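Here you go, one structure.
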Ligand code: LIP
């Protein structure tokens, strides 16, 4: 299996690096966009072109592989995960950042086989940050192996989390409550505006934990394997096993920190993907 994953990964990596050029053409921000679910949930032609490039390139070489892409789903494709090799794609994760020219957006590409993330690529071409991981082979930033921190206690942890793109009042009550809890019980709070890059910060030991409600499979498929291959844990925010279609994620440097955070935060249960 690992030989096959290596082959799949190398093809994907070449396509991601090439597609990154579509993003860096807009170094000062992409000011042409459409609204999706709200006036803070945006999509640009670059999102669509990147996804087309990746799906077109991968399906040509691996015609039996399946795809779950953010913009394909937005256009009506079903979000169905089977045991087949499935590429789960966020073409521009952090689109709001991309529109503004805030340089924290990335291509997030996860490969899921038998419903387990086995390879991931998170590429921020604006800052030339290439995060990669393959099952059993470690996690890397620009070819240098990375590891999570050793933080076990919330009061010593830098925690990344996001308000998200929904302003649903029930969700916002949870967001406001969790902001208060993280700021008062953690050492610090950060929000990059990209779920994948927040998870990458945990994998490289820059942040110690990340959680979010309302994300989608494409936001977290690559980050899941990246954090685990860096020595961290990825679980459901209430403490059970991670479920990639649940629209809930909590990752952390250590099981102890994950458990304390899961017992501290308010929970929210979005409709599944
Ligand atoms: C973004 C996520 C982020 C979330 C934003 C948005 P997108 O993905 O990565 O974590 O808070 O609301 O969903 O929409 O930029 O691909």
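Quick reminder: no glycine exception, Cβ is built from N, Cα and C everywhere.
Owing to the predicted nature of the structure, the values given are computational and were not obtained by experimental measurement.
Pulled these features from TrEMBL for this protein:
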type    : residues : note
BINDING : 70, 219  : Mg(2+) 1 binding site
BINDING : 90, 93   : Mg(2+) 2 binding site
So what sits near residue 90 (Mg(2+) 2 binding site) in its own chain, CB-to-CB under 8 Å and at least six residues off in sequence?
69, 70, 107, 108, 109, 196, 216, 218, 219
Please name the residue among the binding-site residues 70, 93, 219 whose C-beta has the most neighbouring C-beta atoms within 10 angstroms.
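That would be 93, with the most Cβ atoms nearby.
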